[in-house]
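As given in Swiss-Prot:
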- Cys79-Cys191: disulfide bond (DISULFID)
- Cys208-Cys215: disulfide bond (DISULFID)
- Ser132: phosphoserine (MOD_RES)
- Ser176: phosphoserine (MOD_RES)
- 1-26: signal peptide (SIGNAL)
Amino acid sequence: MAAGSWTCLILAIALLCLPWLQEGSAFPTIPLSWLFNTAVFRAHHLHKLAFDTYPKLEEAYIPKEQKYSFLRNPQTSLCFSESIPTPSNKEETQQKSNLELLHISLLLIQSWLEPVQFLRSVFANHLVHTNSNFDIYLYLKKLEEGIQTLMERLEDGSPRTGQIFKETYSKYDTNSHNDDTLLKNYRLLYCFRKDMNKVETFLRTVRCRAVEGSCGF
């Protein structure tokens, strides 16, 4: 076959295949249920990680007297994320819209992107996961991205919840500069456990509303 004929044949095949290639290049829409299940799983994993690590750190290094004084003192038990208004009970949670709960969850996750790096050594020393390559910061980033995707999918044209003012960790860290590293990590872990529990609760609530048959799962 002449060179010109080969060129025409190749061009014809390419043109015939073009619509198929274009169709195949488009990613199918990810099911909403999968997005929710992934986000809930990640939030649960982070909460469980903190829940399992906290008593081990406490038992190994924190004297009982120091523990009780810490819990009774509103200054030391106050978390830097308290500046983010969150529902304090089930009734208040149910009064929030899906987008509001997702936005609050997003703010809580974002507030931890800086301080969680101080907890890496705590989690590494106190076990819990068998994957030595686990990176808690990257895991938080994945959860942040997942929540942002859910917000985009649930956006119905209603105005987004405005940015809520929150104190930075740097301000909190300055106020606690007299604490030794161990006590500071203890306080951080205490707050991280509380906040991840909130995020998991809020995500489960929204999933229950948005995905049929997912309540209690």
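A Cβ is built for glycine as well, from the same backbone N, Cα and C atoms used for every other residue.
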To the nearest Å, how far is the Cα of Cys191 (disulfide bond) from the Cα of Cys208 (disulfide bond)? 26
Would you identify which of the disulfide-bonded residues Cys79, Cys191, Cys215 has the most other C-beta atoms lying within 10 angstroms of its C-beta? Cys191
Counting every protein chain shown, other Cβ atoms within 10 Å of the Cβ of Cys208 (disulfide bond) number 15
Rounded to a whole number, how many Å is the Cα of Cys79 (disulfide bond) away from the Cα of Cys208 (disulfide bond)? 28
